[in-house]
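Per TrEMBL, the features are:
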{"type": "BINDING", "residues": "Gly16, Ala17, Gly18, Lys19, Gly20, Thr21, Arg132, Asn177", "note": "ATP binding site"}
{"type": "REGION", "residues": "36-66", "note": "region 'NMPbind'"}
{"type": "BINDING", "residues": "Arg42, Ser64, Ile65, Val66, Gly91, Phe92, Pro93, Arg94, Arg138, Arg149", "note": "ribonucleoside 5'-phosphate binding site"}
{"type": "BINDING", "residues": "Asn98", "note": "CMP binding site"}
{"type": "REGION", "residues": "131-141", "note": "region 'LID'"}
Amino acid sequence: MASSKPNVVFVLGGPGAGKGTQCVRIAEKHGYVHLSAGDLLREEAAKPDSVLGNEINEHIKNGSIVPVAVTCKLLENAMKNSGKENFLIDGFPRNKDNVDGWKLAMDGKVNLQCVLFFDCDEQTCVARCLERGKGSGRADDNEESLKKRIVTYNNSTRPVIELYEKENLVKRIHAANDVDKVFQDVDHVFNGLKSTTQ
């Protein structure tokens, strides 16, 4: 029996850990809808008549962080509008403030199945991002920007993973392996989740 509450899997890992690549595969094979918090914010900011979009743009202009309540609202709307019930939320929660905001906004509204953690050594992550930067046109895939992103990740996101580890929600994936081997491990996790939700 399907639960009336949407099932959510948080997808976390450092820059270049392969989150996006694996999310595409999970979506294809297991029917999860892939939601990227960053993409949702950018899409909303691009809408000329959006109240939330205007607020997001103000924060971008001032270099300040978009309030977590805004991100949660966008995620909640995206889940409602999709008509589906299984979701991958990629790159969120990034810090303790995100976790608290999510609990405040979404407590009781969703079933958090697990936190998929792509654990990858720094060297591999940097090499992958620099390689990706050559063809992706992503402005933040240069070495200096990468180092800053890794520091932020270590300081802010690692503690989130530790927090969820205490709740026994973390599924750790050794992400330095090649894409197919990583997906085998991911596949195993999702096959396990299926048996608990049916």
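Keep in mind that glycine also has a Cβ here, set from the backbone N, Cα and C atoms.
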Looking only at Cβ atoms, how many others are within 10 Å of the one on Lys19 (ATP binding site)? 24
Are there any residues at least 6 positions away along the chain from Ala17 (ATP binding site) with a Cβ closer than 8 Å to its Cβ? List them or say none. Phe118, Asp119, Cys120, Cys125, Ala175
Cβ contacts within 10 Å for Thr21 (ATP binding site), all chains included, total 15
Cα distance, Lys19 (ATP binding site) to Pro93 (ribonucleoside 5'-phosphate binding site), nearest Å? 14
Looking only at the binding-site residues Arg42, Ile65, Gly91, Asn98, Gly20 (ATP binding site) has its closest CA neighbour at Gly91
Same-chain residues at least 6 apart in sequence with Cβ under 8 Å of the Cβ of Gly91 (ribonucleoside 5'-phosphate binding site), in sequence order, are Val11, Leu12, Lys19, Ser36, Ala37, Gly38
Nearest of the binding-site residues (Arg42, Ile65, Asn98) to Thr21 (ATP binding site), judged by Cα-Cα distance: Arg42
